[in-house]
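Student: Copying in the features that TrEMBL gives for the protein in this structure:
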ACT_SITE  K14  active site
DOMAIN    75-153  domain 'GHMP kinase N-terminal'
BINDING   P103, A104, G105, A106, G107, L108, G109, G110, G111, S112, S113  ATP binding site
ACT_SITE  D145  active site
DOMAIN    244-289  domain 'GHMP kinase C-terminal'
Amino acid sequence: MKNLVSCSIQAPCKINLHLMVGEKRPDGYHDLQSIFAALDYSDTLTFEIVSCNGSFVQHWEVPFEEDCAIPPGQNLVNKALGLFREKTGFAAHLSIHVVKRIPAGAGLGGGSSDAASTLLALNALSGANLAKAELLEMAASLGSDVPFFLNGGAAWASGRGEHLEPLPCPKDLWVLLAKPPFASPTAEAYGLLDESRETGRLEAGEYPPHKPGRLLSPRDLGDVLAGPPEKWPFYNDFLPILSENREYLRLLEKLAISGSAFSGLSGSGSCCFGIFREKETAQKAQKALLNRKIFTELTFFLAKFAEPVLK
């Protein structure tokens, strides 16, 4: 082990600019076609070596009003740590401090990003120097979108989300996150989507009436993302189902009225987002939402992740 005692890392969130969900597979997952895009809004994780052998202690700091108590068996930081220990034999006793800024149940990938950042931080702190391919394999076993957070930027995702093709990150745009005062559990959202298809309310890959045509192939998406957001042909399969909760439609309408060039739902919810050309317009839109008990954050696309900081 190298003579290093602590490592801090930023764990950025993401939005899905596009999300098409296929039928449920025999393994319980769904095939996806999605565009992931990282944002400059992050949790902060710090890992400190307390002694050479032992387990770990964990501290969570939550600046916003939300219950972040996660059962140990479902905590992806714990799962990533256990997997890394099993893979490398790294047995140091750790103190783990997490500043949790990304809301849970929002479709922003906060837990997955924390898991990926845990792998990156431990790889640096332990001196294991695992190859990217090994980290990607571990990440895929932790969750469908965890591999994305090892690279960041923007990517076309397929399979269950683990097959990634890099895309150019949109430039000179502002992203306003707007999350209603409730979460959208992923399993529950997928269950609603499956039920709607089984009952004939919605077919797999059905396109909403206001989004005609088919999405371009991944090789053409760079040109699309570089073009005006008003012409982006993107959509989210969850929106027709979740929009039965009128809060989603009210939020998206508010973003459109406030001047967003494009708006949508991230992941399986509950966070909506608006894409703005001008920061001032985005700030006015954010201000208009402040009295509605809406979590908001104004940020931008993140082309490159910061490296772990060793101390």
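Cβ coordinates come from backbone N, Cα and C, glycine included.
Unlike curated records, TrEMBL annotations are generated automatically.
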Student: So if I measure Cβ to Cβ from G105 (ATP binding site) and keep only same-chain residues at least 6 apart in sequence, which ones fall under 8 Å?
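Tutor: Result: F182, A183, S184, P185, T186, G269, S270.
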Student: Below 8 Å Cβ to Cβ and six or more residues apart, same chain only. Which residues does that give for G109 (ATP binding site)?
Tutor: C13, K14, F36, I102, D145, F148, F149, G267
Student: Given the ATP site residues P103, A104, G105, A106, G107, L108, G109, G110, G111, S112, S113, which other residues of that chain have a Cβ within 8 Å of the mean position of their Cβ atoms, reported in sequence order?
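Tutor: What remains near the Cβ centre is C13, I102, G267.
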Student: Reduced to three states, what secondary structure does DSSP give G109 (ATP binding site)?
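Tutor: In the DSSP reduction, G109 (ATP binding site) maps to coil.
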Student: Counting Cβ neighbours within 10 Å across all chains shown, tell me which of the recorded positions K14, P103 comes out on top.
Tutor: K14
Student: State the three-class DSSP label for K14 (active site), counting H, G and I as helix, E and B as strand, and everything else as coil.
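Tutor: DSSP assigns K14 (active site) to strand.
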Student: Within the domain 'GHMP kinase C-terminal' (244-289) only, compute the mean pLDDT.
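Tutor: It averages 95.
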Student: Within a 10 Å radius around the Cβ, which one of these binding-site residues has the most neighbouring Cβ atoms: G107, G111?
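Tutor: The residue with the densest Cβ neighbourhood is G107.
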